[in-house]
Amino acid sequence: MVLIRVLANLLILQLSYAQKSSELVIGGDECNINEHRFLVALYDPDRFLCSGILLNEEWVLTAAHCDRRNIRIKLGMHSKTVPNEDEQTRVPKEKFFCLSSKNYTLWDKDIMLIRLDSPVSNSEHIAPLSLPSSPPSVGSVCRIMGWGRISPSKETYPDVPHCANINLLDYEVCLAAYPEFGLPATSKTLCAGILEGGKDTCVGDSGGPLICNGQFQGILSWGNDVCGYILQPALYTRVFDHLDWIQSIIAGNTDVTCPP
C-alpha cells in the first residue's frame, strides 16, 4: 500500500523514504470486489494519488499529505481501466485539517476530512465504513488495501486494489525501526506490519484504511521506502483518538480543535 510522508517533512523523507500516497499493498492478493465498497481513489486530477475512506454520503477521510489543489475522488472503483456501472466521481466542497496550517508531522495530525460537492448514493459497490467504537489492541490482525505499488522496490502498480493481513504492533517497534526521525515516546499513530517482512502497504496506498478485528482503526501515513522490509513496519494515524474532531466537523462544528 502507499507510503506517504508528512508535508512538513517531505524534503527529508523523499531522500530515503517513500510517501505512501502512491504505493500498493506488498505481498497481498486482489481484493474481492465486494470487500472495499468504502474505499475511494483520489486523483490529481487525472493521476492516481491516494486512497480514502467513505464515512457517509458526503464525507471522506484520508491523510493530510494527500492534499492537492485539484483533487478528484472516484467512488465505487475496482479496476482503474474498466469502470463499474455504479462508479461515481466527486470533487471536494470543503477540506478540513487538524491544523489550519497543515503542519502535520511524522507522528501527529496526518489526517484530512473532505466534504464532497454532492452526496453519493449507496449502491452495489459504494457504501460507507463505520468509525471505531473502541480502541485497537496490540496483536490484532489488521486488513490493509489499496492500488499502491505491489513490488517492494520496482514501479509496479496494479489495475485493481490489493489486500493483505498484517499485525498491529507495539508502538515501540516503530520507535526502534526509525531512530533517525526522533519519534516521540508516545504518539497518536499506530505501528503495523509483519516483523518478518513480506507484507506491507507501499507507495500509492497512503490515506487508505487499517481495519483491525473488523474496525476502522488507522489511516496509512508513512513507512520505509523499501516496502515489506524486515523489522520496518508502517505508521498509521490513529482514528480512535480523532473521533471527537471527526464527528464534530461532520455535525457542523468546524471550530473544534484537534486532540493535543
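From the backbone N, Cα and C atoms, a Cβ is placed for every residue, glycine too.
The recorded disulfide partner of C258, taken from Swiss-Prot and restricted to C31, C50, C66, C98, is C98. Within the set C174, C212, Swiss-Prot assigns C174 as the partner of C191, by disulphide bond. Annotation in Swiss-Prot places C202 in a disulphide bond whose other cysteine, of C163, C227, is C227. Noted from Swiss-Prot: C31 is disulfide-bonded to C163, selected from C142, C163.
When the Cα atoms are compared, C174 (disulfide bond) and C227 (disulfide bond) turn out to be 14 Å apart. When other Cβ atoms within 10 Å of the Cβ of C142 (disulfide bond) are tallied across all protein chains shown, the result is 24.
Each of the disulfide-bonded residues C98, C227 was scored by other CB atoms within 10 A of its CB, and the lowest score goes to C98. If you average pLDDT over the domain 'Peptidase S1' (25-251) in this model, you get 95.
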